[in-house]
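Database features (Swiss-Prot):
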BINDING   H87, D98, H194  divalent metal cation 1 binding site
BINDING   D98, E133, H386  divalent metal cation 2 binding site
BINDING   Q197, H230, N279, R292, G361  N-carbamoyl-L-alpha-amino acid binding site
REGION    213-331  region 'Involved in dimerization'
SITE      R239  site 'Necessary for dimerization'
Amino acid sequence: MAAPGENRRVNADRLWDSLMEMAKIGPGVAGGNNRQTLTDADGEGRRLFQSWCEEAGLSMGVDKMGTMFLTRPGTDPDALPVHIGSHLDTQPTGGKFDGVLGVLSGLEAVRTMNDLGIKTKHPIVVTNWTNEEGARFAPAMLASGVFAGVHTLEYAYARKDPEGKSFGDELKRIGWLGDEEVGARKMHAYFEYHIEQGPILEAENKQIGVVTHCQGLWWLEFTLTGREAHTGSTPMDMRVNAGLAMARILEMVQTVAMENQPGAVGGVGQMFFSPNSRNVLPGKVVFTVDIRSPDQAKLDGMRARIEAEAPKICERLGVGCSIEAVGHFDPVTFDPKLVETVRGAAEKLGYSHMNLVSGAGHDACWAAKVAPTTMIMCPCVGGLSHNEAEDISREWAAAGADVLFHAVLETAEIVE
């Protein structure tokens, strides 16, 4: 006789309906969402999620970072829980699925267990981490970072948004300051299901990404100092052009990333010119280089080479150059046993799959410091994310949720 839940699927329609219902909260201007952390919309989304969880029989705990832990009890009171987590907060111009898919698929896994009358030895905890995005309060993955001991609670509370409001004050204001000590919970395992946020799965026509690693990164902030001058009347050989120096550094970063394949990336997404006038050569340019690799030695080698070559480029142009490392985390290797559990679930269910390295940071990257951890990914249309046009299909969402359901059941141990 088949074991409870054997080859069963989650309720795809219920999952999709929940995603669409959550997306009504904090609507964006172009079909996505603006539900930034600790806003009124975030509070409303949390309350909706809480109500769904309580309807499913889960009990809630909230820690001093506002992270929500919704627990389905296991049969063994001494067994550590299996966590399923992600985030409900979004970018200012975010999509409906980034983070939200993982949280609501965790809830759907529990709902399906209830439907099938499944009991597990280990408790199941569905987790909504606070401020994963870092869009309003930098840095990203803040609550999971405090949980893992990367940041202090005091540091987190002192983070300020662009309006000068502090994380701690806003956490109190929306009513989600809990009393549970951050990091007090111990985990048997941690699973996170997420959209890929890249184009590989769709291009390869695969339904499931089995995530083996998270890339490490360095963020290097450059300040280049040139001389403001008229773009029309300053001869080419008499310019001290900070903008030209930046362009040559960007080309060098591209070369360094290409020479450190496979897996390395590098680029610039933020830059500021001063005085930023169309007919004035910039006297100052500030920009941030983002380099990533799943290989620690390559990552550190890329940083060293960029920091060595950039000043030489600037010196040849007479431009001043200073570099500050403003962000970093090491590459993460996910738990091999859990990775194989995910792969086995995909194979059992007949879903096409491939290994992936996550190019983006996730709460799972910090969870891996304190518990066996892995991730599951599904495709997203065109690889778009952090964009209101972010989209997935109902079938993609359900396939990953099915794999999550079976991988969690195997790890939490069904009691017959």
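Any Cβ shown, glycine's included, is placed from N, Cα and C.
Shown here: features listed in Swiss-Prot, placed on the structure.
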{"residue": "H87", "record": "divalent metal cation 1 binding site", "DSSP class": "coil"}
{"residue": "D98", "record": "divalent metal cation 1 binding site", "DSSP class": "coil"}
{"residue": "E133", "record": "divalent metal cation 2 binding site", "DSSP class": "coil"}
{"residue": "H194", "record": "divalent metal cation 1 binding site", "DSSP class": "strand"}
{"residue": "H230", "record": "N-carbamoyl-L-alpha-amino acid binding site", "DSSP class": "strand"}
{"residue": "R239", "record": "site 'Necessary for dimerization'", "DSSP class": "coil"}
{"residue": "R292", "record": "N-carbamoyl-L-alpha-amino acid binding site", "DSSP class": "strand"}
{"residue": "G361", "record": "N-carbamoyl-L-alpha-amino acid binding site", "DSSP class": "coil"}
{"residue": "H386", "record": "divalent metal cation 2 binding site", "DSSP class": "coil"}
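Each of the binding-site residues H87, H194, H230, R292, H386 was scored by the number of other CB atoms within 10 A of its CB, and the lowest score belongs to H230.
Those same-chain residues not listed among H87, D98, H194 yet with C-beta within 8 angstroms of the centroid of the divalent metal cation 1 site C-beta atoms are S86, F97, G99, V100, L101, G102, E132, I195, H362. Taking the Cα atom of each, H386 (divalent metal cation 2 binding site) and D98 (divalent metal cation 1 binding site) are about 8 angstrom apart. Mean model confidence of the region 'Involved in dimerization' (213-331) amounts to 97 (pLDDT, 0 to 100 scale). E133 (divalent metal cation 2 binding site) sits 41 Å from R239 (site 'Necessary for dimerization'), taking the Cα positions as reference. Annotated divalent metal cation 2 site D98, E133, H386; additional same-chain residues within 8 Å of its Cβ mean position, judged by their own Cβ, are T90, Q91, G94, G95, G99, E132, A135, Q197, S385. The DSSP breakdown of the region 'Involved in dimerization' (213-331) into helical (H, G, I), extended (E, B) and coil residues amounts to 42 helix, 46 strand, 31 coil. The two recorded residues, R292 (N-carbamoyl-L-alpha-amino acid binding site) and H194 (divalent metal cation 1 binding site), have Cα atoms 19 Å apart. Least crowded of the binding-site residues (D98, Q197, G361), judged by neighbouring Cβ atoms within 10 Å of its own Cβ: Q197.
Listed in sequence order, the residues of the same chain lying 6 or more apart from N279 (N-carbamoyl-L-alpha-amino acid binding site) and placing their CB within less than 8 Å of its CB are H230, T231, G232. Across the structure, D98 (divalent metal cation 1 binding site) and Q197 (N-carbamoyl-L-alpha-amino acid binding site) are spaced 8 Å apart at their Cα atoms. Sequence-distant contacts (6 or more apart, same chain, Cβ under 8 Å) of R239 (site 'Necessary for dimerization') comprise G226, R227, A229, L281.
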